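Q: Before anything else, here's the structure in question.
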Amino acid sequence: MSDEQHNDGAQTPPPIPGQHFARPGIDDRPDYDKVLSDADKAAVARLAVPKDTEVIVADPYVTDAGAQSAKIAENMTGGNRIELPDPDSAFLDMRDPMVAANGERVSIRDVVRLGAGFTFSLIITGIVWTALSSILVPQLVDQIAPDQRASFIGLINAVGSVIALVANIVFGTFSDLTRSRFGKRTLWIASGGVLCGLCVFGLTVADSLPMILLLWCGIQLFYNWMNAPFVATMADRVPDKFRGTVSSFMGGGGVLGQTAGALVGSMLIDNIPLGFSLGALGFGLVGIIVVGIWPREASNLDEQRVPLNLRNVLRAFVPPHGKGSGNFYYALLGRMMMVAGYQMITGYQLYIVKYYVFSDSGLDAAGLSEAAAIVIAVMSVITMVASLLAALVSGPISDRLAMRKIPVALASCLFAVGAAMPWILHSPMGMYLFAAIAGFGYGTYNAIDQALNVSILPNPKEAGKDLGVLNMANTLSSVIGSALTSTVVALTDNYQLVFPVCVVVVLVAAALIMRIRGVR
């Protein structure tokens, strides 16, 4: 007999008290599509943090969802099995999107000030660094020892890069361990700029290759003294939801600085001491001005202290390992190859224009310098426009689409197309097309790559060290790019094959970036 037949005609008894229990937040949860107004929905969308653009790392000092799950599992007995909470559940993610990794709650005004400081620094350091490395120092070497110019530029890039490599990791770690009422980054940034400026000023009296090499090593040392803590500030103080936009302004500032640096360097090619003096002033003031633009860094005197001993210093050289480290190394190698391709051409652009583009012009040394200065100046303007357009557009689009990996890989491919232009067209037009196409690609790359790097950090508490390792890509790429160009020129006595080699290197970078998992 069925239940219906058995109970037919019988009155249903009233429910027992407590029999029907509405679970708070589950059974009585409202339908937000109906309850929320259009303005409320827009506010939720504006404050939402894309889940797939971040890596949540366990914090031993905070009882997060993962730690709580582990504690429940540890305390369970064989006969008392309960369902464990999922640490990846959205119900357990109660973070405020306006709170940065260092626990500081920032306002929109603070984010604007942080973005302005990052952008200003990238513009000034980009101008000085590009003018020095691409124009003024190569021109000084060409005047002192023209028969050793290509090999010596490769030498100072290699030796300086080794210094920068060690300095980046060490000073990034030292800043992580710093405890002061000015915070962990401020003092390093301000003092590093001043010391770097003093070394640049020393180039005004350099009259030999060994002296240039010594001063260049000092510049690399103190620049990374300033730069490693500077880069780590992004991970410390910028909330996740704004990193793409801030990174795009940083990329725009970097591209503007680099292209303006080539233009400024070409204008000062006949007055090298003045160029070095202006560069010293720029480096000397940039760190002080930037920490003044940023909201004041909070004191971290109450933060747990880690002993500054040999063991902890050596830990700075231990690369990330464990969960999430695979993505880190793909990002590291991808950036290394991309910047190496960039360095292959821009690091030697003065010599490429003088001895490749105008190889059949019949101009004397003075005529070559003048013609090269004009071409480089035009390239700088083209690159500036293309790169700024790319940088200002790509970052916000990347944030809206919640994409990091795919735009970075596509930007690398676009740079490869631009790098092929001078190989196809042996003329100033080939260099102009390179400036436009590769400039747009590199502007897009710079706008998004830093946000990608921050999103795949294995441990945000070691951001200074790990970003120092990632920035090592810039250092090693200078060695790789200089070595490749120097080798090609030594074997062929020509700069023509530099471009196809650059194309291959950059395409390898795109393939490595696409290997990153967990990030779109």
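Every residue, even glycine, has its Cβ placed from backbone N, Cα and C.
Pasting the relevant annotations from TrEMBL:
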| type | residues | note |
| --- | --- | --- |
| DOMAIN | 335-520 | domain 'Major facilitator superfamily (MFS) profile' |
| REGION | 1-33 | region 'Disordered' |
| TRANSMEM | 111-132 | transmembrane segment |
| TRANSMEM | 152-174 | transmembrane segment |
| TRANSMEM | 186-206 | transmembrane segment |
| TRANSMEM | 212-234 | transmembrane segment |
| TRANSMEM | 246-269 | transmembrane segment |
| TRANSMEM | 275-295 | transmembrane segment |
| TRANSMEM | 328-351 | transmembrane segment |
| TRANSMEM | 371-394 | transmembrane segment |
| TRANSMEM | 406-425 | transmembrane segment |
| TRANSMEM | 431-448 | transmembrane segment |
| TRANSMEM | 469-491 | transmembrane segment |
| TRANSMEM | 497-516 | transmembrane segment |
Q: Would you confirm whether the transmembrane segment (246-269) and the transmembrane segment (371-394) meet the contact rule of 3 or more C-beta pairs below 8 angstroms, pairs 6 or more apart in sequence?
A: yes
Q: Where else in the chain does the transmembrane segment (469-491) make close Cβ contacts, counting only residues six or more beyond its ends and a cut-off under 8 Å?
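A: Contacts of the transmembrane segment (469-491) (Cβ under 8 Å, skipping residues fewer than 6 from its ends): 150-151, 153-154, 157-158, 160-162, 164-165, 168-169, 172, 224, 227-228, 231, 319-320, 328, 331-333, 335-344, 347-348, 453, 497-498, 501-502, 505.
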Q: Using a Cβ distance cut-off of under 8 Å, indicate which of 111-132, 212-234, 328-351, 406-425 has the most pairs with the transmembrane segment (497-516).
A: 328-351
Q: Under 8 angstroms for C-beta pairs, at least 3 of them, ignoring pairs fewer than 6 apart in sequence. Is the transmembrane segment (431-448) in contact with the transmembrane segment (371-394) by that rule?
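A: Yes, these stretches are in contact.
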Q: Quick test of the contact rule: Cβ under 8 Å, at least six residues beyond the ends. What residues does that give for the transmembrane segment (328-351)?
A: 130, 133-135, 138-139, 149-150, 153, 157, 258, 262, 319-320, 372, 376, 379, 408, 412, 415-416, 419, 422, 434, 438, 442, 445, 449, 452-453, 456-458, 466, 469-470, 472-474, 476-478, 480-482, 484-485, 495, 498-499, 501-503, 505-506, 508-510, 512-513, 515-516
Q: Using a Cβ distance cut-off of under 8 Å, indicate which of 111-132, 186-206, 212-234, 406-425 has the most pairs with the transmembrane segment (275-295).
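A: The listed stretch sharing the most Cβ pairs with the transmembrane segment (275-295) is 186-206.
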Q: Quick test of the contact rule: Cβ under 8 Å, at least six residues beyond the ends. What residues does that give for the transmembrane segment (111-132)?
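A: Cβ under 8 Å, 6 or more out: 200, 203, 219, 223, 227, 230, 233-234, 237-239, 242, 245-246, 249-262, 264-265, 268, 275-276, 278-279, 282-283, 285-287, 289-291, 293-295, 346.
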Q: By a Cβ-Cβ criterion of under 8 Å, what residues six or more beyond either terminus of the transmembrane segment (212-234) are in contact with it?
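A: Contacts with the transmembrane segment (212-234): 114, 118, 121, 125, 129, 132, 137, 140-141, 144, 155-156, 159-161, 163-164, 167-169, 171-172, 175-176, 184-185, 188-189, 191-193, 195-196, 198-200, 202-203, 206, 243, 246-247, 250, 283, 287, 290, 294, 450, 454, 463-464, 467-468, 471, 475.
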